[in-house]
2 protein chains.
Amino acid sequence: MSVVSAESNGNYPGKGVGEPVGVAILGKGTVGTGVLRLLSEFSHNLEQRIGGPLEVRGVAVSNVDKHKDAPEAAGLYLTDNALELIERDDVDVVVEVIGGIDYPRELVLKALRAGKSVVTANKALVAAHGSELADAANEAGVDLYYEAAVAAAIPVVGMLRRSLAGDQVQRISGIVNGTTNFILDAMASTGASYEDALAEATRLGYAEADPTADVEGHDAASKAAILASMGFHTRVTFDDVYCEGITGITAEDIAAAAKANQTIKLLAICERLVNEDGTTRAVNARVHPTLVPNEHPLASVDKSYNAIFVEAEAAGRLMFYGNGAGGAPTASAVLGDLVGAARNKIHGGRAPAENPYANYDVVGFEEVETRYHVNMTVNDRVGVLADLARMFSEADVSLSAVRQEESGNEAHLIVVTHKAREKNLHEIVQRLSDHDDVIAVNSVLRLHD
Amino acid sequence: MSVVSAESNGNYPGKGVGEPVGVAILGKGTVGTGVLRLLSEFSHNLEQRIGGPLEVRGVAVSNVDKHKDAPEAAGLYLTDNALELIERDDVDVVVEVIGGIDYPRELVLKALRAGKSVVTANKALVAAHGSELADAANEAGVDLYYEAAVAAAIPVVGMLRRSLAGDQVQRISGIVNGTTNFILDAMASTGASYEDALAEATRLGYAEADPTADVEGHDAASKAAILASMGFHTRVTFDDVYCEGITGITAEDIAAAAKANQTIKLLAICERLVNEDGTTRAVNARVHPTLVPNEHPLASVDKSYNAIFVEAEAAGRLMFYGNGAGGAPTASAVLGDLVGAARNKIHGGRAPAENPYANYDVVGFEEVETRYHVNMTVNDRVGVLADLARMFSEADVSLSAVRQEESGNEAHLIVVTHKAREKNLHEIVQRLSDHDDVIAVNSVLRLHD
């Protein structure tokens, strides 16, 4: 009978059942504080679920004085020397909840290389340097968990890592940014302008003082990169993700969508592009405002909730819904990961890691087929409609609907296309803008199907 | 440096990376056939994700002749001797998709005791004998997976096992039976009677020839037992689950609910009952038709879709939605589990198992607080309302709404209570039925809050 060697379970020694698992927490903002509270409140449960107690060896903060009197820090070792904390022999798992990219990257790499498993909530870090971190974890034979990096406690990373491990993901369409969903929902339910809805979101704490990362879609793009990497077993980074935010969405766009029984959502879409024989040609990830039919489950995701809709070959349509942000939900996801990492330290084994074996081409958005919904103001003269329709047909784009509404000498023209290459659609819109009879292209939105 | 011993990773030897993992499939009905198809279609992906190829050592069926020419059986060893197949040295993981209870129980126990990990889709087996199977798996140090037993490819078991491992589940409310959801949705959307909607479900293949297990709620009760066991770390079996089906739901009930902006759903509810100091008093699991407010995410789950709504202390509200039945979605869940079990055979470690450490009291439904929605026909005489209202207040049940509609000498009276002990509510309804001025108690439904 062969004995399971340390090598097959990672290069670092395991612990026995009942032995404590040492934890270093890096960062004590909203999430770090939430993690400390749950660690204290649930300590008995966590010990039972893990097979040994979790012991916090220390919390790294930038300013010890600022945190030393906080109730959740009572009895804990606070330090501003994160590197020294990580390297302690009695630290087995490192929780990184600092945020930012360069500094946490350095710390996480240091931890992994020292044989510590790492749990991070840092989407920007994972989206930018996920493969470097995964490689370091693999070399050291330790775990790298990041459920909290995407949609907080909605367990979409675990679902892609494990539950769908025997299936083939075709497309992931997610509302993964609560701020923008709150703004779009407020616009839809009150008729408010983008500016007013953003002001309300800021007032209520749903938007940060500088909302750029949210409203321009950068936050969602990080999550799209992570979801695509997991779902398609291919390395997709933040830079691969086409990104268009919601700052151009007007109250008129929202009203027109509602009239057509649609809702505008900012979606992160990760798509497998297939050849005619069904094989995979490439994958793509993108973020843009999207017209979602009201009967689609994503359309009714309101307020700051997140939801991820997954289409898989055998499983069919799945949706996961919940709080995608906030201290407690994010801390819940971090603790779920921490239990996993600690269990593996005691019981052996490693969590399935990022595994980019499929290595598909990651193509730009221009290669993807989408459907356009174009709203124009045009001169109301005989033949304009035919003229414009010909521009579409010459570009090999077929139309699924045309709607014209007259108002004086002008007409509003709404054109909905069938699926066509994004590049061709984009070019047609350019040419429409230049057409003498087109007074204005009021909005261009993509349609979810 | 200590070496990870075989004991800490299970009593059975691991395999090296690249070594094949032998699989025995027990059963070749819809799910078994789906599993074989996916195993063949995705073999390359599965090998990459596991670290070694899956090799099917044989398929156990009751009648070899019946299956030997099926395309998905090509090249496979078919046998009617399941026990012999299980015990082969080159079988590492056993997939049980036979159905029933006694025979699969014997096979699964045999497999676990022989050191094989087991993946089962059998909710009735797990709900009835889950703890016996979990004990056998623990003793042998192998895995017992059953994601497919609840809501097919909706990964709710994995979510409770892992993602919420650092949180505290307060309540699980699930639409976990597609047949009854199809029937209730058809009644709501077409105004059909229960009988007509059932006939339509049968015609379309959503209901079996004998629909008892579905419409009486037994199928949902099995799933409730499994969800409660996982969610509360307490052994809850099928016999612990109060169960009331949908056969008494009328078109009038559905119409009245719609008028009140509610939808009737058959819910499996698993609830943590708390003392005033917030500690856990007991847990309860039950299945009954429930009035769900239309703005609740469960209300819009239509057709035969399933959805599980989870409330956890830190994560907040989460919902998981998808196909809860069918060959392909169930096979997807089985394969996800199979990848997990096979990974552990190669990389070491064990999946978190049923872990009933909390061992809460499992109390009957009469101990639970619910809200009642009672629809009565009463004599339209002065003082009836006051009389009946007094019956509630004498039983210490406060009312949240009373609505009266007259029609000739009779009146329809709808009474909605605040939360009160199910036992008290039940008794009041008995006494109402006996009251001289109550002509009929037309319906008694519980309200989801």
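Note: Cβ is positioned from N, Cα and C throughout, glycine not excepted.
What TrEMBL annotates here:
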| type | residues | note |
| --- | --- | --- |
| ACT_SITE | A:Lys223 | active site, proton donor |
| BINDING | A:Leu26, A:Gly27, A:Lys28, A:Gly29, A:Thr30, A:Val31, A:Gly32, A:Thr33 | NADP(+) binding site |
| BINDING | A:Lys123 | NADPH binding site |
| BINDING | A:Glu208 | L-homoserine binding site |
| DOMAIN | A:373-446 | domain 'ACT' |
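Between the CA atoms of A:Gly29 (NADP(+) binding site) and A:Glu208 (L-homoserine binding site) there is a gap of 15 Å, rounded to the nearest whole number. Spatially, by CA atoms, the binding-site residues A:Lys28, A:Thr30, A:Val31, A:Gly32, A:Thr33 include one closest to A:Glu208 (L-homoserine binding site), and that is A:Thr30.
According to DSSP, A:Leu26 (NADP(+) binding site) sits within a strand segment. Long-range neighbours of A:Leu26 (NADP(+) binding site) (same chain, six or more residues apart, CB within less than 8 Å of its CB): A:Gly32, A:Val59, A:Ala60, A:Ala82, A:Leu85, A:Ile86, A:Val94, A:Val95, A:Glu96, A:Val97, A:Ile98, A:Pro104, A:Leu107. Within 10 Å of the C-beta of the residue listed as 'active site, proton donor' we count 31 further C-beta atoms, all protein chains included. The NADP(+) site is set by A:Leu26, A:Gly27, A:Lys28, A:Gly29, A:Thr30, A:Val31, A:Gly32, A:Thr33; from the centre of their CB atoms, other residues of the chain with a CB within 8 Å are A:Ile25, A:Gly34, A:Val35, A:Val97, A:Ile98. Cα spacing between A:Lys223 (active site, proton donor) and A:Gly27 (NADP(+) binding site): 21 Å, rounded to the nearest whole number. Within the set of binding-site residues (A:Thr30, A:Thr33), the lowest number of other Cβ atoms found within 10 Å of a Cβ is recorded at A:Thr30. Between the CA atoms of A:Thr33 (NADP(+) binding site) and A:Lys123 (NADPH binding site) there is a gap of 18 Å, rounded to the nearest whole number.
Cβ packing within 10 Å was compared across the binding-site residues A:Gly29, A:Gly32, and the lowest neighbour count falls to A:Gly29.
In the three-state DSSP assignment, the secondary structure recorded for A:Glu208 (L-homoserine binding site) is coil. Counting residues per DSSP class in helix, strand and coil order gives 24 helix, 35 strand, 15 coil for the domain 'ACT' (A:373-446). The CA atom of A:Lys28 (NADP(+) binding site) is located 17 Å away from the CA atom of A:Lys123 (NADPH binding site). Here the residue listed as 'NADPH binding site' is positioned 15 angstrom away from A:Gly27 (NADP(+) binding site), judged by their C-alpha atoms. Here the domain 'ACT' (A:373-446) returns a mean pLDDT of 92 for the predicted model.
Across the structure, the residue listed as 'NADPH binding site' and A:Val31 (NADP(+) binding site) place their CA atoms 13 angstrom apart.
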